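Following: one structure in structure tokens, then a few remarks.
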Amino acid sequence: MHRYRSHTCGELRSSDVGTDVRLSGWLHNRRDLGGILFIDLRDHYGITQLVARPGTEAYEALDKLTKESTVRVDGKVVSRGADNINPDLPTGEVEVEVGEVELLGAAQPLPFTINTEDGVNEERRLEYRFLDLRRERMHRNIMLRTSVISSIRSKMVALGFNEMATPILTATSPEGARDFVVPSRLHAGRFYALPQAPQQFKQLLMISGFDRYFQIAPCFRDEDARADRSPGEFYQLDVEMSFVEQEDVFRPIEQLMTELFEEFGNGRHVTSPFPRIPFREAMLKYGSDKPDLRAQLELVDITDVFEGSEFKAFAGKHVRALPVPDVSGQPRRFFDQLGDYAVSQGAKGLAWVRVGEDGKLSGPIAKFLTEENVAELTKRLSLAPGHAVFFGAGEFDEVSKIMGAVRVEAAKRAGHFEENVFRFCWIVDFPMYEKDEETGKIDFSHNPFSMPQGGMDALENQDPLDILAWQYDIVCNGVELSSGAIRNHEPEIMLKAFEIAGYDAETVEREFAGMLRAFRFGAPPHGGIAPGVDRIVMLLADEPNIRETIAFPLNGNAQDLMMGAPTELDESRLRELHLTVRKPQPK
């Protein structure tokens, strides 16, 4: 028999009754019922119930062990009997009557319980992450991540992509987030950087003559944490394709996402094909370029309805309406609570009216609406008895943010929100440029390296604020999974694009010398995308925080509490790396 086990703890069934077995695992739980000791033994594969009878050596040994100690047991599989079957366990029809016990590793008193999801704070969980990962939910999340990545690889190969590795030590990048830098021992005063993304290398692979590239790429950014973003390190499905237009990129990625979310979504419906929504339309209808399409409500721009209005709350402002059917009969509390939510999102209040059975409008602002206002709103919003309308007024961006959040919250409260579904969409036609509100200067809106729609002709003849870019995002349930673009592979177009944003040719040639040099040796048209693996798993696991799907994440302050990183270096290491440390002076 094997030194540690003949079977796993998730393997035994009623067909194994009478078999002598050896199991190893963690002491998950212990119960003493009428002098008989019942132990739940857990390993990676499941749980098997052990039974030890009083007066036996096995009973004495198991009775002394602390929870989460590792043990090896020898025993015989017996039937639990019809009255004692546990239908929640695959092994629930049997138990193992223990004859021999060997302690493999004793556990100290636990900082928190493993077999229940108690309210232990995240910092403690991350400090003892090796214990936290023993919990069923966390263990399941990490195994889901493993399966998702394995499936991505096989699906990408089936779609004709080739997996290739790109460097981890590279040059610093002048754009994007802050780099993590690595000092060079051999080249004093010089530094490598960990890649924020393999962006330049994957484009160089296309210029090198490869056609369809992918990798599960580690990326490093020195940025602050959010619920959907882990500080430090994250992983993305990095993709690049040659001789493609936008829809050529969409097709394989849409197929991949549909199949992936159907495979691991536990029956949640995946809407396909994914709608293509222009950026401007998304901002107007949903108040966000990351719309949650499970909310079956849309915003309507009614700014023109109140042009010249004497109603000061709306006059001269951008006004957005949110019509909500079947809520007119809701109590005043419904409207007040939605107003409180709007205030929590930054609004000063939330104006509203409702349509009665007689078709007349009532509510806090009904008296300020003229007959012309009411007629136009009724027509524009298709109002009918039972409807309510919520209004937001102010600057475009402010109203979009607030009313976009109100749209989703109202849908949830009013029963117009789809559950158990993955609603994807593509956001397309991003503006190439925007005007800096403080300086009034033209700057890039999103990705400066994307191809402008219309190419050089657009750059030379259109108002910069009217130029659209071949940029796109893929969004699922309000979570941005990735940005992508058709790349600007023509040096003259790139130089012109940067010139419009205020960069002279000398600066661009210096900062992006490597890419521009490669572009001048016959670069193919190419484009790509990089969906975030962590965010994909977060959605599939239905977790609110990305750190719940990563085995060993940093905390929100970019610290590894388990390993003690970041650490200080001793003076000899600093000298070897030609470094001195200057800590900020306390204020």
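In case you wondered, yes, glycine gets a Cβ from its N, Cα and C as well.
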Matching range for Swiss-Prot feature annotation, region 'Aspartate', among 119-122, 199-202, 231-234, 531-534
199-202
Name the one residue among GLU163, GLU281, GLU480 that Swiss-Prot lists for the same ATP site as ARG221, ASP222, GLU223, GLY532, VAL533, ASP534, ARG535.
GLU480
Cβ-Cβ distance under 8 Å, sequence separation of 6 or more, same chain as VAL533 (ATP binding site); the residues meeting this, in order, are ARG145, VAL148, ILE149, ILE152, ILE216, PHE234, TYR235, GLN236, LEU237
Between ASP222 (ATP binding site) and ARG487 (L-aspartate binding site), what C-alpha distance do you get in Å?
25
Count of other CB atoms lying within 10 Å of the CB belonging to ASP534 (ATP binding site)
20
Comparing the Cα of GLU480 (ATP binding site) with the Cα atoms of the binding-site residues ARG221, HIS446, ARG487, the shortest distance belongs to HIS446
Within the region 'Aspartate' (199-202), residues counted as helix, strand or coil by DSSP:
4 helix, 0 strand, 0 coil
Separation of alpha carbons, HIS446 (L-aspartate binding site) and GLU223 (ATP binding site) (Å):
18
